[in-house]
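Colleague: According to TrEMBL, the feature active site maps to Glu385. According to TrEMBL, the feature Zn(2+) binding site maps to His384, His388, His394. Residues or ranges marked as disulfide bond by TrEMBL: Cys401-Cys406. Positions annotated as domain 'Peptidase M12B' by TrEMBL: 229-431.
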Amino acid sequence: MFFEIFTLNVCTVIFQGIHHKLTKRELQHVFGVEEVHHVPEYELIKTEKFRKEDGGLRIRFQAWGDEYMLDLKPNNRLISPHIVSITRNGSDVIEKKGLDLDHSCHFQGVVSSHGRVPVAISDCRSLMGTLVMDDHFLVLQTVPQRVRHHSPTEHLVFKRSPSLLTAFERNLEEEIIKLNDVQEPFCDTSENMDDPLAGNELAILSLNYTIPTAAKLDSPIVFPNLDPITLEIGLFLDSKLFEHFQREYIQDPEQHLLDFSLALINNVHVLYQQPTLSPNLDIVIVRYEMWKSQPTNLATFVHKNGQAQSLLDAFCRHQAHINPGTDLTDMGHWDHGVLLTGYDIYHTTASVAGVAPVARMCDQLFACSLVEGLHLGRSFVLAHEMGHNMGMVHDGVQNQCSKSCCLMSAVNGAGKTTWSECSVREFNAFLLQLDESGTGNCLRDGSPGLVERNHLQDGRTPGQRFTADQQCAYFWGRDYKVEIPAGRAMDDICRILWCGNGGSTISTAHPALEGSYCGGGRWCHEGQCLPWPFGPPPQVVHGGWSRWSTDDRCPVQHCQITDSIPIRPQHRDCVNPAPNNGGLPCSGSAIRGILCSTAHSSCRGFSREEYSNRICSSIKHDPLKPDRQLTGDGFEHATQPCKVWCHLIDSELIRNKGQFPDGAPCGPDQYCISGTCLRLGCDGKAVVDSDDDCPDAKRQYGWTDWSSWSECSASCGAHGRQVRKRDCNNPDGLAGSKEQRPCLPPPPECDVMTEWGEWTSCEGECGQGQQRRKRQCLADDCEQKTEENRPCFNPGKMACWLEWAEWTECTQTCDGGHRKRERICPLPGECEGGAFEVEMCNTEVGRLQKYLSFYFYLHHS
């Protein structure tokens with residue numbers, strides 16, 4: 001008993017003291033801190049690894065009295081098959097296709113023992129990774145080789161707060177936000193009055209970006225979420241970071257830096273795959289650059305030894321200058337440049353961890369991030385900075401979500417390690433803004449070679465995957481549908497797709513997608529409206545509503561129009577399924593408004609006429625994009641009273657330039673919702689188009705939402721399928737409640753040959769033998785061999801007889817004798833069989849025997 005207690009005490013001392021043996025650089029690399037007293041709570045752990053036949057990995061360990069089980073699959077989407085790798089050392093540049101790495105050593109999966117929360121693990125030359133627990137992160141690390149002999153185990157795990165900034169960083173950032181009280185062009189402490197980017201140059205980095213209210217994004221955007229969102233990045237590692245790894249890893253620092261940087265991006269990828277973010281974002285590395293010496297335009301003096309904003313600006317310009325082609329012309333083009341730096345970047349203090357322009361993703365120049373890259377914890381900072389570049393702002397500071405929550409929080413707290421509703425709303429708003437910008441959304445192009453963009457792979461043409469109405473919603477916004485102008489016919493959409501939102505009809509300047517329904521039992525094919533050319537025509541699809549949006553929060557808004565009432569808009573979309581091929585549209589309205597309080601209003605603001613005049617005048621005199629054709633006066637439209645209409649100069653025409661705020665009166669007991677005038681009903685609880693839309697109305701029959709796609713039915717090959725289902729709440733039920741598709745992402749190709757079978761037992765004597773194994777050919781003809789042999793050692797048959805001796809003389813010359821021979825066993829008693837052999841010899845009959853036989857015959861005859 002004494003010995004057991006003593007042993008436990010020794011282990012505890014080792015556990016408590018291992019971090020005291022680390023150097024400052026090792027503390028930073030393992031724990032992300034520089035001082036021993038800042039080391040977080042940690043435990044040394046023993047990991048058990050189990051490799052799966054499908055290439056997966058299972059890891060088990062115990063910490064804090066609890067067992068953790070990680071189920072992992074290789075992250076085959078992390079690296080583009082077309083990646084370009086470059087190493088720069090002064091004027092020497094080495095460029096090659098691909099990377100020197102084991103693609104199967106970066107994994108993602110779930111913690112099956114703890115609610116299947118996400119996890120990212122890299123197990124190349126050392127184990128590292130992150131478990132995304134409900135209210136904290138767990139970070140796995142490998143104990144540095146230098147102090148391995150002081151540790152009873154090879155690995156450790158520590159708890160990391162969801163906060164991205166230290167207390168000092170947090171206080172500093174809050175003060176800067178208070179001083180500016182506006183949205184920053186950069187995240188973190190990036191605006192400096194003394195910075196060379198002040199003035200005109202800084203204006204380039206800011207963006208006229210406004211975050212839509214919750215009312216505008218309460219329901220999923222129809223088109224964008226249907227295809228994956230992919231961010232292709234160029235990953236750059238500067239000379240200071242390389243020098244750090246050169247000091248830490250004397251042997252092969254390049255490979256260690258490669259493994260570490262990919263592990264960091266793997267961690268960022270899993271954060272953007274969380275279910276709280278919709279749509280999820282795939283991150284793919286298409287360019288990898290390691291600088292052993294700094295490029296001239298990024299030399300230390302250029303950015304004053306790591307001044308954050310100067311270094312970011314210099315890097316953004318550098319990566320934009322060398323970025324090849326465009327998304328459409330060059331597979332090596334990246335959407336976002338990331339610089340992992342070894343500089344201790346600073347603004348007014350050295351407490352800056354990362355910096356990025358806000359809402360500049362897909363910008364030719366400023367789609368870029370700068371993050372210190374000395375330890376794995378900076379993956380959270382990079383995810384945070386990328387979020388800023390994609391339109392997300394700080395939770396609790398620049399939006400209404402809790403500041404103690406989520407990944408976009410700049411303050412500490414035991415909040416969840418997920419994305420807030422505000423961040424998701426801001427992300428989708430930014431995606432929609434990119435979609436409607438007319439310059440293209442770089443996140444929607446996918447990565448060439450990563451996902452095969454074959455729209456026929458599930459048996460549907462593009463126009464069958466996305467109806468003509470959905471195409472309009474994608475290009476111009478959720479309120480837009482096909483709207484045929486006077487003098488045109490539906491079959492004209494095969495030449496040019498016309499879209500409208502009830503105001504001015506506009507053209508996309510693109511024909512409808514191949515396979516779009518163009519009316520009269522015909523479909524678009526090569527620019528013409530023709531009968532279906534691919535066999536049996538598609539089935540008629542009747543529309544079905546999605547669920548109403550469920551945000552329970554009422555918008556915080558000022559009284560703009562007299563007698564307005566506070567209303568919470570709710571939306572639903574006719575996408576479950578979308579009507580197609582001549583099917584009936586959904587019956588009822590896509591919008592309704594839930595009253596936040598009584599319909600009685602004492603609100604005093606502008607009159608409707610004053611409001612529309614102010615809107616038209618402001619647009620006419622807008623300093624950036626004035627509309628000189630407007631008179632500046634509004635017009636009251638009798639049939640569309642919730643849209644703002646403006647008079648045109650010297651014309652009887654009017655132009656739609658906006659809409660009245662939600663809750664604005666548009667008639668007796670009628671109020672505006674999303675540009676539509678609806679009546680007050682449902683016992684004064686909602687404004688609706690009909691009583692069927694009331695929140696407590698009798699449930700109407702319809703389809704439920706589709707389930708998630710099932711797991712692929714095959715682990716390899718092109719024949720796997722995925723299934724999803726939905727139910728009809730009609731008790732009689734309806735057909736067509738299941739859909740199938742080829743697996744996405746597609747599984748790896750199957751091997752032509754099966755795996756080798758087991759070796760047979762060793763067959764042979766005298767210690768030497770042969771083993772055989774076989775495999776099968778799955779194709780019609782295989783060039784590879786199906787059987788293998790190898791020599792083996794048989795210890796069970798070590799002793800063998802020597803050669804037989806010569807036969808002895810026969811004991812008789814005739815009438816049957818015998819002879820024998822013998823052999824010798826070198827290990828007496830160990831050889832199988834006998835030592836002697838005997839055989840008959842000289843069996844022919846002699847002359848005397850023949851005479852006696854003849855005499856006996858005569859005598860008795």
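Here the Cβ of each residue, glycine as well, is placed from N, Cα and C on the backbone.
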Colleague: Hey, does DSSP put His394 (Zn(2+) binding site) in a helix, a strand, or just coil?
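Modeller: His394 (Zn(2+) binding site) sits in coil per DSSP, no helix or strand.
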Colleague: Just to be sure I understand: of His384, Glu385, His394, which recorded positions have a C-alpha no more than 10 angstroms from the C-alpha of Cys401 (disulfide bond)?
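Modeller: Of His384, Glu385, His394, within range: His394.
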Colleague: Return only the integer: C-alpha distance in Å from His388 (Zn(2+) binding site) to Cys406 (disulfide bond).
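Modeller: About 14 Å separates the two Cα atoms.
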Colleague: Ten-angstrom check, please: count other Cβ atoms within 10 Å of the Cβ of Cys406 (disulfide bond), all chains counted.
Modeller: 24
Colleague: Taking the Cβ of Cys401 (disulfide bond) as the centre, count every other Cβ atom within 10 Å, in any protein chain shown.
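Modeller: Around the Cβ of Cys401 (disulfide bond), 24 other Cβ atoms lie within 10 Å.
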Colleague: Rounded to a whole number, how many Å is the Cα of His394 (Zn(2+) binding site) away from the Cα of Cys406 (disulfide bond)?
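Modeller: Approximately 10 Å lies between the Cα of His394 (Zn(2+) binding site) and that of Cys406 (disulfide bond).
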Colleague: Run through the Cβ atoms and count how many others sit within 10 Å of the one on Glu385 (active site).
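Modeller: Cβ-Cβ neighbours of Glu385 (active site) within 10 Å number 29.
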Colleague: Looking only at the domain 'Peptidase M12B' (229-431), what is the mean pLDDT?
Modeller: 86
